Amino acid sequence: MLNPVVVAVIVMTALCLFKVNVLIAIMISAMVGGVVGGLGFTETVGILIGGMGNNGETALSYILLGTLAAAISQTSIVELLAVKLSKGLKNKKILFVLIIAFLGCFSQNAIPIHISYIPILIPPLLVVMNNMKLDRRAMACGLTFSVKWPYVAIPAGFGLIFHGIIAKAMEQNGLPFETTNVWKAMLIPGCGMILGLFIAVFFSYRKPREYKATDTVVHTGEDANFGIREVFTIIAIVAAFVIQILTGSMPLGGLAGILILMVTRVIKIKEVDDVIAQGIKLMGFIAFVMLVAAGFAEVIKATNGVDALVTASASLIGGSKLIGAIIMLLIGLGITMGIGTSFGTVPIIATIYVPLGVKLGFSPMAIACLLGVAGALGDAGSPASDSTLGPTAGLNVDGQHDHIWDTCVPTFMHYNISLIIFGTIAAMIL
């Protein structure tokens, strides 16, 4: 009998690779998965629509942050930033990508704002990338690294949450494990991701790539001035991030930033409609994709295909630790690509992976590694993951960056392959 998770993920991936609109691809694959899983068309649609609310906050966040980014683009801050970077990093493409990737890591740990920095920081820098003839696929790999590697490797911010989920899932399935030890299990896979980033920027996408100059990309100018509007804009940006951190609400932070810009008349009342329209144009599609992706995940869960997939994998492994590690990681890859969240994958697979790992003779450290890597796999490369949707939202402002071929495929190749290889090695030696 066909497994609905496998079928749905294959259909979604195939449609996306053939450049079917990702929104349509997710909806079609959800319908196919639901029918294969024994759900009727009507029931599948109902579950799909009902599940969309699970990403409601994220979708609203995207719209508000897009509006904030659109408002900021009307000030000279973006021009000043672009001019500074153009002068300081002229033709230093690799260094530019690595700096953005490094600074972006703070958005997951030190200042846990996740992907909300991307639509604000990246669009103004497109002109710098164009002048450098930087292949945006390299930057996509850098941005995805900045939102994925920190939670995999660093026990702080979102990383601490992810590591806590791994430890709790192990304990709930009869294998106590300290949260403070998870980073040790993820150290080798984390090194694999660093290698993947280096391969992307030093080899795969090092050649120059031309992009057309468009009206949606801010052009640098030496006459840009830093005035009171720019001061208020910086205050709005800082306030948006601080409020998000204090309240844990991304929409509230975005709304606060917009209100500050309105009160200080950086954007006038009569301009608000246009700014919001620009924000929706910038991030609206991504927001809808996130909504439908949440519905897709609910359909996948409702088919009970995940449990069947994990259970079936046990019979294929036999007694081989090597085969066991590889199959467990590949199953995790499929599940995460299906439900679009590493954090949600771990509790699902732990019920089988923990006892299976013990039976195969893996150490607790190795099992923690397998759980973490199996969960993280698929986050990079999934068309429905915010780790790929976020970078695309920032890089495709001018319509010259394809979500599938310029973000999903490059990040899948450079991070998922390295995670499988290094995750397997770690599981065998830990």
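Every residue gets a Cβ built from N, Cα and C, even glycine.
Quick look at what TrEMBL annotates:
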{"type": "DOMAIN", "residues": "3-87", "note": "domain 'Putative Na+/H+ antiporter N-terminal'"}
{"type": "DOMAIN", "residues": "142-423", "note": "domain 'Na+/H+ antiporter NhaC-like C-terminal'"}
{"type": "TRANSMEM", "residues": "35-53", "note": "transmembrane segment"}
{"type": "TRANSMEM", "residues": "59-82", "note": "transmembrane segment"}
{"type": "TRANSMEM", "residues": "94-111", "note": "transmembrane segment"}
{"type": "TRANSMEM", "residues": "117-134", "note": "transmembrane segment"}
{"type": "TRANSMEM", "residues": "146-166", "note": "transmembrane segment"}
{"type": "TRANSMEM", "residues": "186-205", "note": "transmembrane segment"}
{"type": "TRANSMEM", "residues": "226-246", "note": "transmembrane segment"}
{"type": "TRANSMEM", "residues": "252-268", "note": "transmembrane segment"}
{"type": "TRANSMEM", "residues": "280-302", "note": "transmembrane segment"}
{"type": "TRANSMEM", "residues": "322-344", "note": "transmembrane segment"}
{"type": "TRANSMEM", "residues": "356-377", "note": "transmembrane segment"}
{"type": "TRANSMEM", "residues": "412-429", "note": "transmembrane segment"}
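Proximity of distant same-chain residues to the transmembrane segment (412-429), defined by a Cβ-Cβ separation under 8 Å and at least 6 residues beyond the stretch ends, is recorded for 141, 144-145, 148, 185, 187-189, 191-193, 195-197, 199-200, 204, 321-322, 325-326, 329-330, 333, 362, 366, 369-370, 373-374, 376-378, 380-381.
Mean pLDDT of the predicted structure over the domain 'Putative Na+/H+ antiporter N-terminal' (3-87): 81.
Same-chain residues lying 6+ beyond the ends of the transmembrane segment (252-268) with a Cβ under 8 Å from its Cβ atoms: 61, 64-65, 67-68, 71-72, 74-75, 113, 116, 229, 232-233, 235-237, 239-245, 275. Residues in the domain 'Putative Na+/H+ antiporter N-terminal' (3-87) partition by DSSP class (helix H, G, I; strand E, B; coil) as 72 helix, 0 strand, 13 coil. Tallying C-beta pairs under 8 angstroms between the transmembrane segment (94-111) and each of 186-205, 226-246, 356-377 places 186-205 first. Each of 146-166, 226-246, 280-302 was scored by its Cβ pairs under 8 Å to the transmembrane segment (356-377), and the highest score goes to 146-166.
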